[in-house]
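Going by Swiss-Prot, these are the annotated features:
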BINDING   His83, His85, His253, Asp328  Zn(2+) binding site
BINDING   His83, His85, His253, Asp328  Fe(3+) binding site
BINDING   Arg92, Tyr155, His188, Gln256, Thr333  4-imidazolone-5-propanoate binding site
BINDING   Tyr155, Asn330, Gly332  N-formimidoyl-L-glutamate binding site
Amino acid sequence: MTRNNFSGAAAHSARSIWRNGRLATLREDLQGLGIVENGAVVCEGGRILFAGPEGELPAELIENTEITDLEGRWVTPGLVDCHTHIVYGGNRAREFEMRLQGATYEEIARAGGGIVSSVKATNALSVEGLVEAALPRLDTLISEGVTTVEIKSGYGLNIEAELKMLCAARALEQIRPVRVVTSYLGAHATPVEYKGRNGDYISEVVLPGLERAHAEGLVDAVDGFCEGIAFSVDEIRRVFDKARSLGIPVKLHAEQLSNLGGAKLAASYGALSADHLEYLDEDGARAMAAAGTVAVLLPGAFYAINEKQKPPVEALRQAGVHIAIATDSNPGTSPLTSLLLTMNMSATLFRLTVEECIAGATREGARALGLLAETGTIEAGKSADLAIWNIESPAELVYRIGFNPLHAHIFKGRRID
């Protein structure tokens, strides 16, 4: 995937060495977390030149180099939040109260709440207003070591507003030390004026909006919501056909509230990921594995809507599907801006292992964005995106609740305190 250069905090050009660290590299050619004791990382020009045991550090890399002693701290890849909706206006606190009174997510949506209720507040804001509203959410993610974040549109539901959201996402990348990947989510919900006319909405808004987003360089992937309260398999297929014709990768919200066959549809298009998946079946898992489609699990949404059906984690494991996790940060069903808490939720609610949680928030998150060649592991040739932690073992990142042990993080070779 082609990425724009980050200009808000340019890559650090000078060579630097981070030594005396305990590296959880997440390299796939190593077992478990890919741990390297007494490790060192050499960065130059925003890239990793060397990552491995300090004793194997080539002498020529040490000359004329800035050296930082990590004092035995743990180092992981920078975290990757691969599914968010952090650009929006307003909030949905009233719906939170409704859920406490017994209303379900589907009942709220059918009554005109849910996604559609965020549209008015979002449409009322300018690009600058959306950036201002999103910054506290993004800053909270960055404060926990996130160096890559995916941001979706989907609260505009008209062409200009969807493009405005994507412009805001691109703007965030220019003013914060983070890599932003954008997803066009025009097929998120049907606006009131198109109620009962999903096909017309796709023809008149979603598809031409996608063409414009692509022409203006605003979209890295195309997403959709395949669900009874949103869009059918056939309707999403129209969107994915357009994405394919434009050469844009796809992903899908699938099997969250029911099984419509969205995961199989996503797999048939070689989707980067299928997300949520509470109602995924074994056939869907096998299709995803065959296509290399990543399962993105979203425990924040599961928790917030008090869902009872859990994603079939064991079926995903048995099929060999890569598993990522993400905050799904959004105003209604996952008002969550902590990837660390997401790790704990993934373990506690979905019974993922510590290794799966950490991999899910680093390597597999990068895989779900088509960025594994760029980030997500600590190895030579990749972007120098690192998180440095004040912990005794990596398990603490998953085990602790309401705890941020980040010492510092590095984005494209530049230290961010």
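Going from the start of the chain as shown, residues are counted 1 onward.
Any Cβ shown, glycine's included, is placed from N, Cα and C.
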Those binding-site residues, out of His83, His85, Asp328, Gly332, that come within 10 angstroms of Tyr155 (4-imidazolone-5-propanoate binding site) at the Cα: His85
Taking residues Tyr155, Asn330, Gly332, which bind N-formimidoyl-L-glutamate in the record, the widest Cα spacing (Å, whole number): 11
Local Cβ density at Gln256 (4-imidazolone-5-propanoate binding site) - other Cβ atoms counted within 10 Å: 28
Between Asp328 (Zn(2+) binding site) and Gln256 (4-imidazolone-5-propanoate binding site): CA-CA distance (Å): 13
Cβ neighbours within the same chain of Asn330 (N-formimidoyl-L-glutamate binding site) - under 8 Å, at least six residues apart: Thr84, His85, Ile86, Tyr88, Ala301
Length of the line joining the Cα atoms of Asp328 (Zn(2+) binding site) and His188 (4-imidazolone-5-propanoate binding site), in Å: 14
Those residues of the chain, 6+ apart, with a Cβ under 8 Å from that of Thr333 (4-imidazolone-5-propanoate binding site): Tyr105, Gly114, Ala301, Ala304, Ile305
Cα distance (Å, whole number) from His83 (Zn(2+) binding site) to His188 (4-imidazolone-5-propanoate binding site): 14
